[in-house]
Amino acid sequence: MGKNVVVLGTQWGDEGKGKIVDLLTEQAKYVVRYQGGHNAGHTLVIDGDKTVLHLIPSGILRDNVKCIIGNGVVLAPDALMKEINMLKERGVPVEERLLISEACPLILPFHCALDIAREKARGNKAIGTTGRGIGPAYEDKISRRGLRVGDLFNAELFAEKLKEVMAYHNFMLTEYYGCEAVDYETTLKDALAIADYLKSMCTDVTELLDQARKNGDNILFEGAQGTLLDIDHGTYPFVTSSNTTAGGVATGSGFGPRHLDYVCGIIKAYTTRVGAGPFPTELRDEIGDHLGTKGQEFGATTGRKRRPGWLDIVAMKRAVQINSISGFCLTKLDVLDGLKEVKLCVGYQYPDGSISTVTPLAAEGYEQVTPVLETMPGWSESTFGATSIDQLPQAALDYIKRIEELLETPVDIISTGPDRNETMILVNPFS
């Protein structure tokens, strides 16, 4: 009997999901992306060779794995083509192993233009989007005016729908934001040029996954971004435009939620955030510099410097609740090597002196709190590349144990370096 496993981020993204997905896909027949778009950046290092994927599931580097892009993903045809060509140049076969839902909303040039125009108009109140059109594409979906992959297969109807939606968005671009309009004819021509190619990879994803389940195949669902960026449960409005939590699997792929067997929450040994938004445990000192430099904390998609801080247990409790996490994968433990002390945020203190162990429901609430920190001894020994729990110093083991105690959730996998081999699996999610 097969197992259906979800791998998702528990923080603000950049937790190391790509590596863990790649590692676990050795046991999977299907890997499914169910939300987000090419704003994701999943970095995989295999025998020292680095690959960064934004749209195609990380399982593509495993020869026997079928990769699926579900209906919850907003798909930019140009970004998809760029990624396919990059992989083919590296000798990775793609077309025969990539399957796409016809219900995926399309990201088109006017979405990117709107995204950039809006961020510019916000000035110092910018959210920090990637400028890749993700939000505007989801907005069109919710407004029921969006174009989907399947629309490309009827050229006449697509042209009609495109003209209508572009008239609306170009009016906003020119009259409200004072920007140039996006050319309709060019957009139409470029979109239709890829229609037949996309059609060759399209399938009924819901039916495919249900048959795979009945056949006893292992399925892995690959999340993008992180729990604290969820459109409903994150630090709103400093969030992404999709449901990054486990509930997004069902809506973004059509796979029944009762069939999920294990939810693996990727948790970095510290915390980072890229772009704007509240961050109670942020470190703007030499320790923050240490974490950022040693952890090579630069966004895989934008190249932006990430903001580092201590691990926030309060926020992680919310992530456990929302996702019903079965077990954690703790990543980048080695980045803490050499610190005399390590700290965990175990509460939020408000101006009146009260302490809460529950996260606020919006960004404004975070601005009032200061972190209540629990200090633990650090370790001088190197954990980099450790592949056995016996190789970890006692202080590191105590740190891991304390995380498990506070979150009432086991750490089942530990990552001690970027390569897929630099990992210890204590409990196999597929077992």
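Backbone N, Cα and C atoms are what each Cβ position is placed from, and that goes for glycine too.
These features come from Swiss-Prot:
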- ASP14: active site, proton acceptor (ACT_SITE)
- HIS42: active site, proton donor (ACT_SITE)
- 13-19, 41-43, ARG306, 332-334, 415-417: GTP binding site (BINDING)
- ASP14, GLU15, GLY16, LYS17, ASN39, ALA40, GLY41, HIS42, THR130, ARG144, GLN225, THR240, ARG304: IMP binding site (BINDING)
- ASP14, GLY41: Mg(2+) binding site (BINDING)
- ALA300, THR301, THR302, GLY303, ARG304, LYS305, ARG306: substrate binding site (BINDING)
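Features as recorded by Swiss-Prot, highlighted on the structure.
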residue	record	contacts (Cβ under 8 Å, 6+ apart)
GLY13	GTP binding site	ALA40, ALA224, GLN225, GLY226, LEU229, VAL274
GLY16	GTP binding site	ILE266, LYS268, CYS329, THR331, LYS332, SER415
LYS19	GTP binding site	THR43, LEU44, VAL45, THR331, SER415, PRO418, ASP419, ARG420, THR423
GLY303	substrate binding site	none
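Ranking the binding-site residues ASN39, GLY41, THR130, LYS305 by Cα distance from ASP14 (active site, proton acceptor) puts GLY41 first. Cβ-based crowding with a 10 Å cutoff singles out ASN39 as the top-ranked of the binding-site residues ASN39, THR43, THR130. Overall, the recorded IMP-binding residues ASP14, GLU15, GLY16, LYS17, ASN39, ALA40, GLY41, HIS42, THR130, ARG144, GLN225, THR240, ARG304 cover a maximum inter-Cα distance of 34 Å. Comparing the Cα of LYS305 (substrate binding site) with the Cα of every entry in GLY41, LEU333, THR416, these being the binding-site residues, the smallest distance points to GLY41. Across the structure, THR130 (IMP binding site) and the residue listed as 'active site, proton donor' place their CA atoms 15 angstrom apart. Closest to THR416 (GTP binding site) by Cα-Cα distance, out of the recorded positions HIS42, ARG304, ARG306, is HIS42. Residue environment of LEU333 (GTP binding site) contains 23 other Cβ atoms, counted within 10 Å of its Cβ in all protein chains.
The candidate set comprises the binding-site residues GLN225, THR416. Of these, GLN225 has the most other Cβ atoms within 10 Å. The two recorded residues, ASN39 (IMP binding site) and ARG306 (substrate binding site), show a Cα separation of 15 Å.
Rounded to a whole value, the Cα-Cα separation of the residue listed as 'active site, proton donor' and ARG304 (IMP binding site) is 15 Å.
DSSP assigns GLY13 (GTP binding site) to coil, not to a helix or a strand. Ranked by CA distance from LEU333 (GTP binding site), the binding-site residues GLY41, ARG304, ARG306 have ARG306 at the top as the closest. A straight line from the CA of GLY41 (IMP binding site) to the CA of ARG306 (substrate binding site) spans 13 Å.
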